[in-house]
């Protein structure tokens, strides 16, 4: 897995005929048109929980609204100056129904950096507290968390984002892209990425390749049965290779942490608003 600073280096290697590399799916640029590798343009506002995380007007990552004041994303998307855009379909222009919030707290999972497996993006999950709650509308909705730790391999799920639609060459779409991909078994996932997969991860993709999340999609949702089953984390570069599925953070492993973290911060704010007792 390459950190952001080395994404360009791995891109250069791939263009010159080098072997595939593992890469986090984070990007700091935005561009023209296309679709998620092997995917299609989402029907506008059909993914109302989808968030876009921008820094100085440039796409960094995706995210997912899990509470009117909280967005879930990948821990490796941590960066100063994040702004969260919700109710978006097309980036680069103001749209009716969109809402924008600054981030007041970024809370990566406490084991993300401390864990011996952190170099493999173990515990790659982060909560973002928004400056104020968003208003839920037809364009903006929360997505329920999955409590199911093991869905059947082969289950079709949907991943979405504004990441590059081609790989290794890059092409960033103006509109939100979707791809329907299948869950892979834990055994297959560990065979593909020996020594790198933990119980906190899952794999999804297609045998034939061509459908995948890619750079710029990090932190976005993998939706299975209308619940948040995974968070885009990392995978091989170039994206969409046959038998090289993308790797996602397994959300069901973190439901308790998500709920306790939100409850903790909400309680602290209530105490502050009440003042000294």
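Using the three backbone atoms N, Cα and C, a Cβ is placed for every residue, glycine included.
Annotated features, as they stand in Swiss-Prot:
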| type | residues | note |
| --- | --- | --- |
| SIGNAL | 1-16 | signal peptide |
| CARBOHYD | 30 | N-linked glycosylation site |
| DOMAIN | 36-263 | domain 'Peptidase S1' |
| DISULFID | 42-178 | disulfide bond |
| DISULFID | 61-77 | disulfide bond |
| ACT_SITE | 76 | active site, charge relay system |
| ACT_SITE | 124 | active site, charge relay system |
| DISULFID | 157-224 | disulfide bond |
| DISULFID | 189-203 | disulfide bond |
| DISULFID | 214-239 | disulfide bond |
| ACT_SITE | 218 | active site, charge relay system |
| CARBOHYD | 225 | N-linked glycosylation site |
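Here the features listed in Swiss-Prot are painted onto the structure.
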| residue | record | DSSP (3 states) |
| --- | --- | --- |
| 61 | disulfide bond | strand |
| 76 | active site, charge relay system | helix |
| 124 | active site, charge relay system | coil |
| 157 | disulfide bond | strand |
| 178 | disulfide bond | strand |
| 189 | disulfide bond | helix |
| 214 | disulfide bond | coil |
| 239 | disulfide bond | coil |
Same chain, 6+ residues apart, C-beta under 8 Å of the C-beta of residue 124 (active site, charge relay system), given in sequence order = 74, 75, 76, 109, 112, 231, 233, 234, 249
Candidate recorded positions 189, 203, 218, 224, 239, pick with smallest Cα gap to residue 61 (disulfide bond) = 218
For residue 157 (disulfide bond) and residue 77 (disulfide bond), the CA-to-CA distance in whole Å is 23
Filter the recorded positions 178, 189, 203, 218, 225 down to those whose C-alpha lies within 10 angstroms of the C-alpha of residue 77 (disulfide bond); answer none if the list is empty.
-> 218
Taking just the CA atoms, what is the gap between residue 218 (active site, charge relay system) and residue 203 (disulfide bond) in Å?
-> 14
Inter-residue Cα distance where the pair is residue 224 (disulfide bond) and residue 42 (disulfide bond), in Å | 16
